[in-house]
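Listed features, source TrEMBL:
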DOMAIN    9-222  domain 'Cytidylate kinase'
BINDING   13, 14, 15, 16, 17, 18, 19, 20, 21  ATP binding site
Ligand code: DC
């Protein structure tokens, strides 16, 4: 990484570890940019579905990923960033369980990952970047000065997701959610291309049993921003 480049804090970890909320809060506190890399995989899956591209058709998926027309719009504090695809608001569409599962499937393909790599690196701009994902510290920003790996037990992550969905009025079964989380973890951790794992120089923070504020305190301390 060139010395003139803006600093990056990478936050990797499994879904439901609190990464999304924590990285939003961190970026806001620091006044830095935020990269939600998972959204790019979700958008690739959604665009493929809308264009009638099969999740097995790797060459077409690469085209879909390379030609994504995406814009992230800032929103008031506490709300997820607004995501536009070809000018259409798809914020809610990319957050469904199906889209997350399809994203995890397209994410195993190295050529799809390659197609999204530069787009992710382009988020590195002054005054700095908080990068949320699975391979931010290992592949996308290997020279980042601060790397955090945020984790939590599968049971706790299922419970958090259950509460989120219930609050949103969605009727779900917690055992089914736990099973989905286990399947997705297994796929994300055991794929050949950029598997989910802490970078050698990452600081691991376990958020099981902690409130968001408590996690944020630990993450700020790890980032040297306490
Ligand atoms: O963080 P998320 O749930 O929005 O991510 C959706 C899927 O995208 C996840 O199951 C794996 C994949 N992903 C990835 O492979 N690499 C990233 N940097 C981010 C997400």
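Note: Cβ is positioned from N, Cα and C throughout, glycine not excepted.
These numbers come from a predicted model, not from an experiment.
Taking the mean position of the Cβ atoms of 13, 14, 15, 16, 17, 18, 19, 20, 21 as the ATP site, the remaining residues of that chain whose Cβ falls within 8 Å of it are 22, 150, 152, 157, 207.
Within the same chain, residues at least six positions away from residue 19 (ATP binding site) with a Cβ under 8 Å of its Cβ are 11, 12, 13, 132, 150. Counting neighbouring Cβ atoms within 10 Å of each of the binding-site residues (17, 21), the lowest count belongs to 21. Ranking the binding-site residues 13, 15 by how many Cβ atoms sit within 10 Å of each one's Cβ puts 13 at the top. With a cut-off of under 6 Å between the Cβ and any atom of ligand 1, the binding-site residues 13, 15, 17, 19, 21 reduce to 15.
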